[in-house]
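According to Swiss-Prot, the features are:
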- D14: active site (ACT_SITE)
- E75: active site (ACT_SITE)
- D147: active site (ACT_SITE)
- D14, D147: Mg(2+) 1 binding site (BINDING)
- E75: Mg(2+) 2 binding site (BINDING)
Amino acid sequence: MDQTEAAQRWLGIDPGLAIIGWAILDGQPDLSAHLVDYGIIETSKNLSTPERLVEIEQDIHVLLEEFSPQAIAMEMPFFSRQIKAAGGVMQALGVINLVIYREKSIQPVFLHQSSWKCHLGNGKANKAEVAAMVQNFFGLEDLPIDDSVDAIAIALAGLNGVRNDIG
């Protein structure tokens with residue numbers, strides 16, 4: 001992309017069943033990035049998995065309608081020991097992927113956690129370190145240390161061309 005091209009809008013997603021982080025960035029690869037908005041989607045543990053998935057579907061629909069992203073980057077979770085959690089997260093990931101494709105015909109870029117963290121400078125950074133790097137990059141005074149921070153970093157990595165051979 002050259003400097004004369006318009007900025008592209010990216011949606012970054014840190015998927016989960018209980019909490020989904022999301023962030024919207026506008027920018028051009030390696031030139032500029034503007035943080036438009038970010039937040040989390042939470043589903044109640046008191047709901048059944050199908051009810052939580054419906055809530056996720058509806059909330060992702062709202063994000064897509066409100067922000068109209070042109071590209072999407074999502075973390076591809078890795079599970080080594082948390083097999084029970086993996087099922088719910090992968091179901092949520094499937095619903096998110098379905099809604100994105102159904103409504104925007106976009107195939108998300110899937111990134112391993114170590115890939116998007118390396119883009120910030122430390123592939124093993126914890127959430128507080130990721131928050132500090134994101135806060136510094138965007139010149140933010142305050143930033144919550146939650147899943148939205150990861151989503152900001154995921155969107156930034158996607159915007160700047162980080163890719164994995166997965167998907």
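Yeah, the Cβs are placed from backbone N, Cα and C, and that goes for glycine too.
Just so it is clear, the model here is predicted, and its values are computed rather than measured.
Overlay of Swiss-Prot feature records on the structure.
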| residue | record | DSSP class |
| --- | --- | --- |
| D14 | active site | strand |
| E75 | active site | strand |
| D147 | active site | helix |
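When the alpha carbons of D14 (active site) and E75 (active site) are compared, the span between them is 6 angstrom. Other C-beta atoms found within 10 angstroms of the C-beta of D147 (active site) number 25, with every protein chain shown included. Between the C-alpha atoms of E75 (active site) and D147 (active site), the distance comes to 11 Å.
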